[in-house]
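**Student:** Pulled these features from TrEMBL for this protein:
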DOMAIN    72-146  domain 'Glycoside hydrolase family 31 N-terminal'
DOMAIN    187-516  domain 'Glycoside hydrolase family 31 TIM barrel'
DOMAIN    524-600  domain 'Glycosyl hydrolase family 31 C-terminal'
DOMAIN    617-694  domain 'DUF5110'
Amino acid sequence: MPILEAGVYRFDASETARTEAAPCLSFVNPKLREVTFSCGTANSHSNYFLTTKLEDPTFVPQFLSENGQQIVLLKLPSGTSFYGTGEVGGSLERTGKRIFTWNTDAWGYNQNTTSLYQAHPWVFAVLPNGEAFGVLADTSCRCEVDLRIDSTIKIVASPSFPVITFGPFHSPEALLTALGHAIGTIQMPPKWALGYHQCRWSYEPAARVADIAENFREKKVPCDVIWMDIDYMNEFRCFTSHPETFGDMKALSKTLHDGGFKGVWMLDPGIKCEEGYEAYDTGSEKDVWVQTAGGKHYVGECWPGRVVFPDFTQSKVRTWWAELVKKFVSNGIDGIWNDMNEPAVFKTVSKTMPESNIHRGDEDLGGHQSHSYYHNVYGMLQARSTFEGMLLANPERRPFVLTRAGFLGSHRYAATWTGDNLANWEHLNMSIPMAINLSLSGQPFSGPDIGGFAGDSTPKLFARWMGIGTMMPFARGHSEKGTIDQEPWSFGPEVEEICRRALYRRYRLLPHFYTLFHRAHTIGLPVMTPLFFADPKDPKLRKIDDSFLLGPLLVSTCPTPKGQAQMKAPVLPTGIWHRFSFKDDHPELPLLYLKGGSIVPMGPVVHYVGEKTAGEPLTLIVALDHHGKAKGDVYEDDEEGFSYQNGEFLHTHYEAELIPAHCGTKEGGEIIVRVASTEGNWKRPNRPLFVRLLVGDVAEVEGKGVDGEEVRIRLPTASEILELIKSGCKQEISNLEMAGELKDKGEEHELLKGTGAVKVPIELDQGNILLKIVPWIGGRIMSMIHKPSGCEWIEGRLESSGYEEYSGTELQSAGCAEEYTVVKREMAQVEGQDLLGLEGDISGGLALCREILLPKSSPNTVQISSRIVAKSVGAGSGGFSRLVCLRIHPVFKLAHPMGTMIKYTALDGTFHEISPNMDFQETWLHGSERPNGEWRLEDTETGLSLINRFQVNEVEACLIHWGPGSCNLELFSPERPVSKDTPLEISHEYEMVDPHVYY
């Protein structure tokens, strides 16, 4: 049935399914999902009545049922491109991908991780003709969104849920406007939140925070916000501060405010179980905690130890939390950061609370339901409670909340970031499409941890990331404990200067950013959009994810170790695109282009938002279109309050027009820049107006006047423009040569040998398998991907997890960390196989040797043959080594931990199925209990499985270990000495199976 407005339809599997559907948790007004939109009904999103006949929907989903799941299929025209699906790793275009909406603490995720911190069951489709179409599976439950079948959307989730379709609309902007009508738009943020944010886990004590702030001002590096991570708390108790290191929060807040800074402080959902602790006592008194299936308070494990979790599905609980936030904010706190709110729970296989837990939710949310129903909205509801608490504390100030977990609609309460990323080029590369797809899913205020959270960045990586990150909607640098410092000055004066230039760019462009955020607030258009928004019909733009648009401003980046000189010329949409700069050219900074026909505002450099003064000049950057015209706007208000809702703002629309010098000639002439129209009650400031008229790449002429009056600029003749372009290019080349490309010294700097180091894993890529192997740290396999299914069975990082081998029964024994030598490398492309031979010295005259083969005969299989061999065992030992054991230690990632099962037939003929419970557990298999040479790890929700085959005579024991979102299937050889003639050996293989893929 049609709902909301013309072009938006609700579909249900049946009338019964419609009746049984759970309440809407994504719409800003849930009742609108239940009301039929008809002819003659007032369209609440326009000032007229629709009186024409409503057209039938262009695309109608097919509903199926299988294994108790509701399946929705929607076939679109061949050549359709898919985007959206919220917070996802990997490329911009989601065609060929599959994700699962299940909010997950996904530290160190990568491009193949299928569930991250947020759930957006939404697909943004661009049809071959450039029209845009959207599909929303309106369910809070775990949802499979499968885009692997050509031009087909497949959605699988627990019944019953409706599907809402949007469009097709004539443009992507129209689609997102319609989505904004449904799920609401972002609240207008305080302008300081658009500045640069500096964070670390953790700056402590308070004096360290003050030092960081002072350094920013002394070094004249712009910054608006310093963040307090969890260590400010007293033993991780939320709403407290450590009496020794952060004894006076108000004094620290005053120090920050006096220096022009704001402070954002973390609040997690887990509340320490401890009588005498106010949050716990008042929460227990009001009965606010999530319950177990047995009706008791659920107690999990998190940073404070034993914790309980507020049940934010109840209005009384949100009120209780909001009152705690109100009291907390009275310490001078400017913003709050909700972390760990998937919710994350330690020491559990699922990394969250049991799905059988009970939430006693309000009826309008769904009433009493299991955690499986409310899991994906838990973080959004906490953010909502925090937002409301901040409003209680300061009704005249706009709240700023950042949330890690979210759902479709959480943008109404909080900004977000892309979680615990890694300090490497892959994550820098992913950060752009991740932020764009969040934008295409209704969340316009996002960005990555600049420099990477986990691991040590390198000078080049950090500088490049700062250049890119400062052009994204949310700009925050953040790093974890145990890593090197990652402030803008931490990598030396050269990188510091690059960061300063990057931040000066952002602060110059703050008037433009603020105007874009106002547009996002009023009509739902993103701040950051993909390049294809400039021309949706152009297929060559649809896969570009190293460039993006900020309105008409195009940002072309280089998110790889290559320099600009090594990069191809950027792909530009059709039309006029003039390259310009702020005389800050540097090979590590993005290139900027302005679309012909556009005007964007900029201001002077300030070091924080509050530093500017009344009457400061406004600058307009102008690029004319083919008709000699341009237009643009700038929005201004008090930047922090709500008076704009009562008309206290100034929204100016500017226009520029070419007046030819002589009738019938385009040679020379005059450009007139003037105010076209204004909105709002504010009086225009008495300020200078400067105009930069772009007439070609890095070529411009300038004009000046008074804002509100016409500014006239003589347009140079064609020959003069040519000379300006030549001069500008010459100056640009000179500036770039003087700056020089930053040389990364990561391999020479011991402290920088982390995830950002220059060394690159070896890839084996044949058949349907892609492996990434790290020879210099234990020869470990850090990634094992089955390409047809997109499943990454092994997902590690350089220095931990993944596939390891040891020379003893104990963990981390010799063999797992040594540097291995590549002794054989065959890339028999013609023969269709790939082989890598490694050898590592494990001391005592022993070596651990390994051959990894991707065979032609079995494209879904990895074969591994490993041996501990005696190379030079002394005669005094009788030719035998110390006691050794070959231990195969793979850590397999589980997309659905509680839906995973291990199946095998034991040597004694008995069949076994082993599933995890919530706690970590181990199962040893000896003798006849061992598998008969084969065991299977199966994801029962997707049907994907991994089969491990081995020689029984080589394996004395097997071990099953369930960890956080992971499972180990370990093999142990006999434990004995080895000689040159009697090595220990285990040969085994992994076959990856997807029953839905035809090979």
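Even glycines carry a Cβ here, placed using N, Cα and C.
These figures come from a predicted structure and were not determined experimentally.
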**Student:** Select the range from 72-146, 524-600, 617-694 that forms the most Cβ-Cβ pairs under 8 Å with the domain 'Glycoside hydrolase family 31 TIM barrel' (187-516).
**Tutor:** 72-146
**Student:** Kindly report the helix/strand/coil residue split of the domain 'Glycosyl hydrolase family 31 C-terminal' (524-600) according to DSSP, in that order.
**Tutor:** 10 helix, 21 strand, 46 coil
**Student:** Grab the pLDDT values for the domain 'Glycoside hydrolase family 31 TIM barrel' (187-516) and give me their mean, rounded.
**Tutor:** 97
**Student:** Using DSSP, how many residues of the domain 'Glycoside hydrolase family 31 N-terminal' (72-146) fall into helix, strand and coil, respectively?
**Tutor:** 0 helix, 29 strand, 46 coil
**Student:** Using DSSP, tally how many residues of the domain 'DUF5110' (617-694) sit in helix, strand and coil.
**Tutor:** 4 helix, 41 strand, 33 coil
